[in-house]
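Structure record follows, encoded as structure tokens.
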Amino acid sequence: MDLKSTLLVVAGSVCSFKLLNTILRFLPTPEQALNKSWRWRNISTSLAHSSLSGAWAVLCFYLQPQLLEDLISRHSLLSHSLVAVSTGYFIHDLLDVALNRPCKQSWEVLLHHSAVLSCFGLALTSRLYVGYCVVSLLIEINSVFLHIRQLLLLSGRRNRTDTTTPRPSVTYSVTSWLTLATMFVFRVCTVGWMTRWLVAHSEHMPRFVLTMGATGLSLISIMNVVLLYRLIRADFISNTHNTSGDL
């Protein structure tokens, strides 16, 4: 796509996710989540993006496996469009979080989105490193289960209701284990592979691109460690029941 078409796709994506978020205002919200309705809409919108981008990224590599052979200069209309649509989502979510949540509670998200937008913006305008961006979107497969878990917490469906002793429901337990498994595969392994690739190709990349990539990977790696720790502490070690949906 040329630059004009790319900008139109990004703008269309921003509007589409905003429209989805607005539609969610008029759909039923679980009673337990009524006092956190913005959080419910935000996570639901994020779930839609994760489901779309995760499946789209897999499709890109399935239809064009040679994309993995050259993550710098090789791309297709499908992969370029994916990065443009995801860029639109991150712009929407950045604005949504910045306008509706205190900065001290959302600085991690704002920092992450800013780093992602910098990298994706470079890929879209230069048509370079598109494949690398698509690889990073494989992480969204894990985000699908993270968001489902958050929605279960917000809706009060963490524990079973047929017993007086608090015990996780089957749905929540399965989601929790799938979240943990996909976190290792699509977050830890993917970021590890991306780091290894970046080091291996560092000699062929401009210094500012290398710095941008290294900074983004460092930030994502730290966030992954924090997410993993919180998940294990909340669902596999601690007996306390987190119902905030903040993980």
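Note that Cβ sites are derived from N, Cα and C of the backbone, with glycine treated the same way.
Unlike curated records, TrEMBL annotations are generated automatically.
It should be emphasised that the depicted structure is a prediction, and the values quoted were computed from it without experimental measurement.
TrEMBL lists 6-27, 129-148, 169-188, 208-229 with the feature transmembrane segment. Residues or ranges marked as domain 'TLC' by TrEMBL: 35-237.
Residues 43-44, 46-47, 49-51, 53-54, 56-58, 60-61, 67-68, 70-72, 74-75, 79-80, 82-83, 86, 116, 119-120, 122-123, 175, 178-179, 182-183, 185-187, 190-191, 193-194, 197, 209, 213, 220, 227, 247 of the same chain lie 6 or more positions beyond the ends of the transmembrane segment (129-148) yet place their CB under 8 Å from a CB of it. Sequence-distant contacts of the transmembrane segment (6-27), counting only residues of its own chain at least 6 positions beyond either end whose CB sits under 8 Å from a CB of the stretch, comprise 37, 40-42, 44-45, 48-49, 80-81, 84-89, 91-93, 96, 124-125. Within the chain carrying the transmembrane segment (169-188), a Cβ under 8 angstroms from the stretch's Cβ atoms is held by residues 138-142, 144-146, 148-149, 152, 157-160, 224, 227-228, 231-232, 235-236, all 6 or more beyond its ends. Under 8 Å from some Cβ of the transmembrane segment (208-229) lie the Cβ atoms of residues 108, 111-112, 115-116, 118-119, 122, 129, 132, 136, 139, 146, 183, 187-188, 191, 194-195, 198, 202, 247, all in the same chain and six or more residues away from its ends. Per-residue pLDDT, averaged along the domain 'TLC' (35-237), amounts to 92 for this model.
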